[in-house]
Amino acid sequence: MEANWTAFLFQAHEASHHQQQAAQNSLLPLLSSAVEPPDQKPLLPIPITQKPQGAPETLKDAIGIKKEKPKTSFVCTYCSKAFRDSYHLRRHESCHTGIKLVSRPKKTPTTVVPLISTIAGDSSRTSLVSTIAGILSTVTTSSSGTNPSSSASTTAMPVTQSVKKPSKPVKKNHACEMCGKAFRDVYHLNRHKLSHSDEKPFECPICNQRFKRKDRMTYHVRSHEGGITKPYTCSVCGKGFSRPDHLSCHVKHVHSTERPFKCQTCTAAFATKDRLRTHMVRHEGKVSCNICGKLLSAAYITSHLKTHGQSQSINCNTCKQGISKTCMSEETSNQKQQQQQQQQQQQQQQQQQQHVTSWPGKQVETLRLWEEAVKARKKEAANLCQTSTAATTPVTLTTPFSITSSVSSGTMSNPVTVAAAMSMRSPVNVSSAVNITSPMNIGHPVTITSPLSMTSPLTLTTPVNLPTPVTAPVNIAHPVTITSPMNLPTPMTLAAPLNIAMRPVESMPFLPQALPTSPPW
């Protein structure tokens, strides 16, 4: 009777339970050991990566748990330091190569098993079966690309994934005691400290040359192994370099458009500090070229000398040696002192001029200057035309010449050069012979505003040249009386205008000897 009743029940419910039959048969061994009393607490979320106790291998294959790989050491090729994974190795090698990593590869998100509802009474077996069946269907449908929500159990919460946290900035807690520069670890701090000392602990085994850093020694050893290789190639222009730091410097100097180092004096900007220091030399003290006198900075004085056909350096005016920064600073200070002295002298002269132009100092100073000028002109006239002493030395008049009193005759046997204006405002009487045996050059205007009388012979044995018509006009505005013979044996050249007012030509017999036979003249 019981067997027939059981067969009837299974036949009645065969259509409704046909879809869950496969999952129940595979999970019966697990469910037999997982039955709990009614007062059992809710089950906590179980990560998929965690293997349940007593689970068969089919569940492990369905969920897709990966086997742990054996740990392998990742060793740096530059300093032989070992790391636990390839990412940390590549991040460490970027310190040697100078190439920064863009970002760390993303981790695979962790999938969490949803929370299972409270299980109570005899229905615990059915609810547990349906829940685990829903989990299995979720995993299989998500791997095939279908929507997992359609086959998941109604008592299960949505699957959550871990959110990636933003990367924290690297802390640089290791500071140098000498310069204050900070580093992220002790290794880089110790490598930096070598720059403050002369210690070179790494020695080349071939040529015994010593280096401060091991990577520098490694690059040097490569030069002994069949020549210098250039394995580091620029991705932009294809140029090769033997060291990674040389490649990074090349990229910054040539291909980079960033100019973070700016000049405080002008608007120039540069990619590196070295180029900024080279530029700052232009704003320092300058040196004058000993050939052309042009002011140039010490950085460009050598190249400037090549334009004059010289390659040697200019010697310092202080120590007579080649120009250096110390000599430049001393010479710059000397130039500043000279400029300050010149400025003080100019200020004193300006103060004196202001005092002269003020009243009553203006009148006093004007009278003093006028008296000094009169004395100078009288002295020059007395030296030129002395009654008892002949002019035996060349006479050059470089200032305006005025004759304000009577002048007697004399003898001149040396050149007389009039390089400034000569003005006669009083009668000039020549009562004795006047002999001029050397050239007489008049390079400036000669103005005669008073009678000129010559009662004795005037002999000119050398040419009288009036060189230019602009700078040497001869103006005769008063009568000229010549009562004695006038001999002009040599040609008299008039290259400048000759203006004679209030006198007819017939009263001057000497003009036909100097002028052409017919006008214009």
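A Cβ is built for glycine as well, from the same backbone N, Cα and C atoms used for every other residue.
What Swiss-Prot records for this protein:
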COMPBIAS  140-155  compositional bias 'Low complexity'
MOD_RES   Lys362  N6-acetyllysine
REGION    140-167  region 'Disordered'
REGION    394-485  region '4 X 7 AA repeats of P-[LV]-T-[IL]-T-[ST]-P'
REPEAT    445-451  repeat '2'
REPEAT    457-463  repeat '3'
REPEAT    479-485  repeat '4'
ZN_FING   74-96  zinc finger
ZN_FING   174-196  zinc finger
ZN_FING   202-224  zinc finger
ZN_FING   232-255  zinc finger
ZN_FING   261-283  zinc finger
ZN_FING   287-308  zinc finger
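Here the listed stretches are 74-96, 202-224, 232-255, and the one with the most C-beta pairs under 8 angstroms to the zinc finger (174-196) is 202-224.
Counting Cβ pairs closer than 8 Å to the zinc finger (261-283), the top stretch among 74-96, 202-224, 232-255 is 232-255. Across the residues of the zinc finger (287-308), the predicted structure has a mean pLDDT of 76. Stretch with the largest number of CB pairs closer than 8 A to the zinc finger (74-96), among 202-224, 232-255, 287-308: 202-224. Per-class residue totals from DSSP over the zinc finger (261-283), listed helix then strand then coil: 11 helix, 4 strand, 8 coil. Residue counts for the zinc finger (174-196) under DSSP (helix as H, G, I; strand as E, B; rest coil) come to 11 helix, 4 strand, 8 coil.
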